[in-house]
Each structure stands twice: as C-alpha cells, then as structure tokens.
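Asks: The structure is given below, and queries will be raised subsequently.
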C-alpha cells in the first residue's frame, strides 16, 4: 500500500501522461472498428464523402463531451469523480441511484465482453457450426478471473498490458491505413474514382444523418474515462487535457484513414454485406495475415475487459469512502487495489455468465448511462452558477457544454420516441428499486453489528486495510 512520510494509506498518484494517453486510446478504440464500421456508411445512404464527414463531426462532438468530463476530473481529482460530482451537485439520493446502476451495469457489461471474448477463442475449433455454450462459459469464467487477478495487482502492474494492447490496436489499424493509402495512390482506376466522386451518391435525409452521427458517436465512446481514475493520475490538471488533445486526434486520424482504406479496397455494398470488414479487407489485400484480425479483436476485448473492471471498482471505492457502501469496499491490498470491490465485480459477473439470460436485461441499463452523463453536464452548469468562486484549474468552453448536453439528451430521448419498448419501463422501475436500500441504509443509517465483525475478519484474511482520508478530501471538506 502507498505510504508516505506520514504513513498514509491511499490510492497512489503514479500514472503520468504516457499511461493516460494509452488509457484513452484503448478505451475508445474497441473491436467495432475491425468488425462493423459500416453503421455510419449505411445511414449516410452509402455516400462515401458524407460518411467520412460524419466521422470527423463525431470526433468534434466527442471532444466536447471529453472536455466536460475533464473539468469534472480536474476540479474533483478523485477516482470515481463522476459519482462524487453527482453527489456534490444533486445530493446523496442521485449519487446512490448512480451507484445502484453501476452495481449491475458494470458486471453485466463485463460478463457480455467475457462471453464474446470466449466465443472468438472457441469458435475456431468448431468451423462448421456454432460453438457449444458450455466451453464458451468455462473459457469466459477463466478469462474473467484472470482479469480479476490482474486488477488486484494494482494499476501500475497493468501498464505493460495496456501499452502492448495500444501498440497492437494502433499498429494493425496503421497497417490497414497505410496499405490503403498505397493502394489509393497506385491502385485501380475504379478505387480512386470511388473517393474522387465521394459526394456523387444520393445525400441522406436529415433523420438518416442524425442516426449516422449517433452510430459514429458510439464508436468514439470512452472519451470521459478520466473521471474514473483521476485520483491516480499525477498532476491531473495538466495530464488530463494533454492526454485528451493527444489521444483523441490520434484516434480520429486512425478511424478516418482506416475507413478510407476499407473504401479503397471494398465497395460500399461489400462493406455493408461483410460480417467483419477488417477480415474481408485483409483477406483481399494481405491474405497471409488474415489471422491478425481475430487476434486484434480478441486483444481489444480482453484489455477492454480489464479496463471495465478497473473503472467499475473505482466507483465502488469512492462510494465506500463517501459512506454509501460499507468501508470494506474501499479497503486496499498491498498493491493499492480495492480488492473487495474487484472481488465483488468478478463474482457478480461470474453469476451473470452462468445465468446468461440476465445479461440482455441488464444491458438495457445502457440507456440510463446517458441520463447520468446528461446530469453530470447539467451539474457543471449548476456549479458554475451556484459556486462561481470554486477553484477550477480547467474550465470547459461554455458552448461545448451545451453541445455535449444536446447530444446526450438526444441519446436519451430519441430511443424513447423512435422505438418505445416495455424494457425502458423495467429500467426505470429497477432504478426506483434502489430506494428500497437507500431509505433504511443511507437515509436512516441502519447498521449491522455482524458486518463489522465480517469486515475485521476479511481484512485479516485478505491482508487489506481501510485507506486514510487523502489531502484532497480534507481540503474539499474544509
């Protein structure tokens, strides 16, 4: 555990610019760019020029949201800052409902990713049919507990894995991009004409264009990840903006060049009909390296699994520090990792893997994530008005805040209007069910004596310790 001259025990601030930039890149670049970057093209009416413009617009929209999150993470530099920020702006009830969502959405997402990773690992052994469910579940559970062990070793131990994953993703996309540019310069006439006449196809309607922007915006999701680990970054007021202005332009260039490369080799119709665009591209251009694409997809899923466990555990950590979860969940092991929080997440995800039918229901909670994001942006405006003298080392440009709020509210309202489903009612009922626990445990502060004994026993069993209050928290409370 981290101990300074005053023997304080807390999460270490030991992550710098290079780690933060890698963290942002691997959060944004997922398996989607290898498998199905065709949603934007499809909703752009297969207009190549419009689809590339949409990718660029989505990058700008993502930048506005990322900078809003940066203000939160820099003003309140704690791990799990988005939870703390909601509590600061809207009170303990809203923060608890945010926590209540994370307790189920986090493990649900992790279980889904583990099963998908297992499917890519098992399927090659069953070339003529679908892989049986039992081997997939066993492999998913094995990978999940490996991820749990890695997370329990602390953030610093994940650096090498994160660097390898980042180099792998950007490297393979770089090969695709550079090969595409080479083919564009020295390629066939029809390939060159496809991009020269990029805007000749029919222009999409406004509704289609909006849908294309949503598709692209989802591909850039993850730009607000620094609020989860702000408490472990060195000099967050400098590190976070630098990482955003380095990582996001790099991802944008890679996305644009990869799409140009795909469109140089494949027609729009071929892209839409392909189940894995990068695999089709590689099979046509460099057939000897077709195996690299499934490998890159598996690596992307694995590192995203690691990062999602890390981010969810930090929400439980700060909720425990703020008294909305037992102190046990912020207890740190010798590697400065919230071990019990990680253990709970892995255990819940394991149960969901066994009971696969529950994962689809939990994934509907994604809808609620946009609500929390919108509330966070509203909170920025609220604090600007109520606490104008609050120390803010970084302030996002106000028009960016309104742009980010507009796109986030659209993500909430358009699904409700366009395709209302009964599941959304279930989501709201689930959200309200958090009150059953909030009222007795948080509002009336009901305590269980046996849990205090359990806390002492588990501290001895796992060699974990409750952290001290950091200087940041002392300053904030004063």
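Just so you know, glycine gets a Cβ as well, placed from its N, Cα and C.
Pulled the feature table from Swiss-Prot, pasting it below:
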- 1-14: topological domain 'Cytoplasmic' (TOPO_DOM)
- 36-47: topological domain 'Extracellular' (TOPO_DOM)
- 69-89: topological domain 'Cytoplasmic' (TOPO_DOM)
- 111-129: topological domain 'Extracellular' (TOPO_DOM)
- 151-163: topological domain 'Cytoplasmic' (TOPO_DOM)
- 185-208: topological domain 'Extracellular' (TOPO_DOM)
- 230-242: topological domain 'Cytoplasmic' (TOPO_DOM)
- 264-288: topological domain 'Extracellular' (TOPO_DOM)
- 310-338: topological domain 'Cytoplasmic' (TOPO_DOM)
- 382-395: topological domain 'Cytoplasmic' (TOPO_DOM)
- 417-423: topological domain 'Extracellular' (TOPO_DOM)
- 445-478: topological domain 'Cytoplasmic' (TOPO_DOM)
- 15-35: transmembrane segment (TRANSMEM)
- 48-68: transmembrane segment (TRANSMEM)
- 90-110: transmembrane segment (TRANSMEM)
- 130-150: transmembrane segment (TRANSMEM)
- 164-184: transmembrane segment (TRANSMEM)
- 209-229: transmembrane segment (TRANSMEM)
- 243-263: transmembrane segment (TRANSMEM)
- 289-309: transmembrane segment (TRANSMEM)
- 339-359: transmembrane segment (TRANSMEM)
- 361-381: transmembrane segment (TRANSMEM)
- 396-416: transmembrane segment (TRANSMEM)
- 424-444: transmembrane segment (TRANSMEM)
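Locate each feature and note its surroundings.
Replies: Confidence across the topological domain 'Extracellular' (36-47), taken as the mean pLDDT and rounded to a whole number, stands at 83.
Residues 11, 95, 98-99, 102, 223-233, 236-237, 240-241, 244, 314-319, 322, 372, 375-376, 378-380, 382-383, 390-396, 472-473, 476 of the same chain lie 6 or more positions beyond the ends of the topological domain 'Cytoplasmic' (69-89) yet place their CB under 8 Å from a CB of it.
Each residue of the topological domain 'Cytoplasmic' (310-338) gets a DSSP state, and the totals for helix, strand and coil are 16 helix, 1 strand, 12 coil.
Long-range contacts of the topological domain 'Cytoplasmic' (382-395) within the same chain, counting only residues at least 6 positions beyond its ends with a Cβ under 8 Å from a Cβ of the stretch, are 70-71, 74-75, 88-89, 237, 240-241.
When Cβ-Cβ distances below 8 Å are used as the criterion, the transmembrane segment (90-110) is approached by residues 82-84, 144, 147, 305, 308-309, 311-312, 315-316, 319, 322, 324-325, 345-346, 348-349, 352, 358-359, 362-363, 365-366, 368-369, 372, 375, 379, 430-431, 433-434, 437-438, 442 of the same chain, each at least six residues removed from its ends.
Remote same-chain residues near the transmembrane segment (130-150) are listed as 110-111, 114-115, 117-119, 121-123, 157-158, 161, 302, 305-306, 309, 342-343, 345-346, 349-350, 353-354, 356 (criterion: CB distance under 8 Å, separation of at least six residues from the stretch ends).
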Asks: Is the number of Cβ-Cβ pairs under 8 Å between the transmembrane segment (396-416) and the transmembrane segment (15-35) three or more, considering only pairs separated by 6 or more positions?
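Replies: Contact absent: fewer than 3 Cβ pairs fall under 8 Å.
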Asks: Return yes if the transmembrane segment (209-229) and the transmembrane segment (424-444) have at least 3 CB pairs under 8 Å (sequence gap of 6 or more), otherwise no.
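Replies: Contact criterion not met.
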Asks: Could you give me the DSSP helix, strand and coil counts for the topological domain 'Cytoplasmic' (151-163)?
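Replies: DSSP composition of the topological domain 'Cytoplasmic' (151-163): 10 helix, 0 strand, 3 coil.
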Asks: What parts of the chain pack near the topological domain 'Extracellular' (36-47), using Cβ distances under 8 Å and only residues at least 6 beyond its ends?
Replies: 54-55, 58, 198-199, 201-205, 208-209, 211-212, 215-216, 219, 255, 258-259, 262, 268-269, 271-272, 274-277
Asks: Where among 48-68, 289-309, 424-444 do we find the most Cβ pairs under 8 Å to the transmembrane segment (15-35)?
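Replies: Between the candidates 48-68, 289-309, 424-444, the best contact partner of the transmembrane segment (15-35) is 289-309.
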Asks: Let me spell it out: take the topological domain 'Extracellular' (264-288), skip the flanking residues so only those 6+ beyond its ends count, and list any with a Cβ under 8 Å from a Cβ in it.
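Replies: Residues packing against the topological domain 'Extracellular' (264-288) from afar: 33-38, 41-42, 46, 48, 172, 175-176, 179-181, 183-184, 187, 191, 194-195, 201, 294, 296-297.
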Asks: Taking 243-263, 289-309, 424-444 as candidates, which has the most Cβ pairs under 8 Å with the transmembrane segment (48-68)?
Replies: 243-263
Asks: Against which stretches of its own chain does the transmembrane segment (243-263) lie, if we need a Cβ under 8 Å and a gap of at least six residues from its ends?
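Replies: Distant contacts of the transmembrane segment (243-263): 17, 20-21, 23-25, 28-29, 33, 37, 40-41, 48, 51-52, 55-56, 59, 62-63, 66-67, 70, 170, 173-174, 176-181, 183-184, 194-195, 219-220, 223, 226, 271, 277-278, 281.
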